[in-house]
Amino acid sequence: MSFEWIASHQSAKPTTEIPLLSSADIRAIEASTEPIIGQPGLMEQAGLAIARWVLAQAPHAHFFWIACGNGNNGGDGAEAAIHLHRWGKTVYVSAVKSPKSAPADASRAWTRLVAEGIAVHHEAPDSWDVCIDALLGIGLQRHPEPPYAEWIKRINQAAKPTFAIDVPSGLDADTGSTFEPVVQASATLSLVGLKPGLFTHQGRDVCGDIWLHKLGTESTTEHIRCTLNPTPKPLPRPHASHKGSFGDVAIVGGALGMQGAAVLAACAALHAGAGRVFLAFLNSEGLQGVGIPPDIMLRSPDTLPHQGLTVVAGCGGEHDIGHHLPHWLELAERLVIDADALNAIAIRPDLAQALVQRRADTTVITPHPLEAARLLGCKTTQIQANRLDAAQRLAETFQCTVILKGSGSVIAAPGRKPRINPTGNGRLAIGGTGDVLAGLTGTLLSQRSTAWEAASESCYIHGLLADQWPQQTTLTASRLIEHL
Ligand SMILES: NC(=O)C1=CN([C@@H]2O[C@H](COP(=O)(O)OP(=O)(O)OC[C@H]3O[C@@H](n4cnc5c(N)ncnc54)[C@H](O)[C@@H]3O)[C@@H](O)[C@H]2O)[C@H](O)CC1
Ligand SMILES: [K+]
């Protein structure tokens with residue numbers, strides 16, 4: 001039996017590409033795991049793993065409230081209760097009364113629990129040291145109903161250490177969307193495999209530290225829904241190199257009053273290590289007060305060189321960027337499309353068509369959920385309801401690499417399994433950080449062999465800077481650049 005620590009509640013730093021499995025994948029693995037006569041089944045193994053894990057997390061706790069649902073998640077809780085009881089802990093087991101009988105594995109667990117002489121209650125206790133949340137797992141289908149909802153509220157109000165089995169109850173394991181109310185866990189022990197919902201959208205805010213126990217199962221490639229974006233390897237900078245070795249990046253953006261966005265992107269490209277950075281304002285009126293480092297070469301959009309150029313289009317581009325996009329969509333060797341450039345593509349089929357026709361793997365688009373919704377002609381809530389699907393749809397529709405920004409940014413490309421980025425935190429929710437990401441992505445795109453690699457590394461590094469940010473200092477976009 002082995003536990004794997006995956007992520008602190010802030011973020012994970014995986015060195016390898018960790019697989020994430022959908023609920024259907026998990027069920028397929030469970031179904032293909034043959035029970036061995038005389039050996040504990042998966043749920044019995046789960047129960048022992050949970051009891052050991054909770055005890056290791058809260059060694060001095062005595063009174064354990066084990067809140068169990070009607071399905072197999074509840075069965076896991078019942079199995080765990082048996083071990084904690086045998087080890088001398090006080091267990092208070094609450095089970096949801098339901099007209100439906102529990103599934104077979106869970107029924108066996110309940111029979112064993114009763115045979116141990118453990119009482120089964122149908123209400124919450126008055127107080128407890130530690131709660132084990134075994135209410136709802138991957139079978140969650142809707143907003144928790146009574147008494148699930150009441151118990152979840154009690155758990156959250158008590159603010160005691162809470163250990164979620166598989167997923168915090170109320171969290172959709174596949175999408176990271178929550179059905180209210182949702183358990184706010186101190187830590188989550190994911191069973192069999194890690195689920196995407198733990199790492200994107202609202203999932204990152206409710207799981208606490210994330211642990212994995214595979215219960216001796218193995219997933220094969222066909223079971224994998226997506227992966228966690230791994231830690232990138234630094235690009236070597238050989239002695240025998242020159243400024244031409246590290247990419248030419250041009251930022252095309254900065255309409256009237258929005259030049260700061262383009263400057264942020266250009267500075268990010270510079271600090272990320274591009275060999276040469278050009279900045280082409282769409283409007284250079286009123287630039288006083290906008291500090292542009294002398295390392296950056298100013299050009300007009302019409303006088304930029306073409307050959308070998310990576311263009312970052314859109315930062316602060318307003319409507320004006322639309323006039324320049326046909327040119328760069330056709331001629332830029334590599335292209336990052338952000339912000340207003342995405343909005344232009346969303347309303348102009350000619351631009352969308354030009355994007356689709358670009359050579360594969362040379363283009364990264366970096367929409368936030370609202371921009372993604374405009375591109376796909378749907379609502380932001382629909383994007384957020386399934387971020388993995390939305391990112392993949394964008395990649396297939398526009399035939400390019402996608403960074404769908406937000407908590408747990410999703411990186412997608414045609415014909416690939418998406419990645420969820422595990423770094424980054426709420427400090428990045430401030431104006432200008434998107435421009436920094438665009439500039440950074442531009443530099444990496446100019447230096448890496450594929451758009452996929454560039455997008456993955458860029459997301460990781462951008463988030464990591466925020467994770468390493470000093471506690472007492474406010475993160476701003478310009479300060480973020482200084483740390484690149
Ligand atoms: N079977 C095994 O060998 C193992 C299972 N594991 C655990 O099992 C759960 C998944 O179990 P499942 O029974 O499919 O689903 P749930 O327990 O999550 O819940 C199903 C139950 O709840 C009802 N329901 C769904 N949503 C709601 C709601 N919002 N309000 C009220 N009731 C709801 C639904 O109708 C069902 O009756 C998995 O997560 C693991 O914890 C172990 O991994 C070990 C092996
Ligand atoms: K749970």
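The backbone N, Cα and C atoms fix where each Cβ goes, glycine too.
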Listed co-binder of K(+) (same site as Asn73, Asp133, source TrEMBL) among Ser23, Ser32, Ser169, Ser177: Ser169
Lys405, Gly406, Ser407, Gly408, Ser409 bind AMP per TrEMBL; candidate in Gly431, Gly432, Gly434 listed for that same site: Gly434
Binding-site residues whose CB lies under 6 angstroms from ligand 1, from Asn72, Tyr148, Gly316, Gly406, Ser407, Gly434: Asn72, Tyr148
Cβ atoms near Gly75 ((6S)-NADPHX binding site) (within 10 Å, other residues, all chains): 30
Ile138, Ser407, Ser409, Gly434 screened against Asn73 (K(+) binding site), Cα within 10 Å - retained binding-site residues: Ile138
Neighbour count (Cβ, 10 Å) for Ser169 (K(+) binding site): 29
Alpha-carbon distance [Gln141 ((6S)-NADPHX binding site); Gly406 (AMP binding site)] in Å: 24
In sequence order, the binding-site residues (Ser169, Ser409, Gly434) whose C-alpha falls within 10 A of Tyr148 ((6S)-NADPHX binding site): Ser169
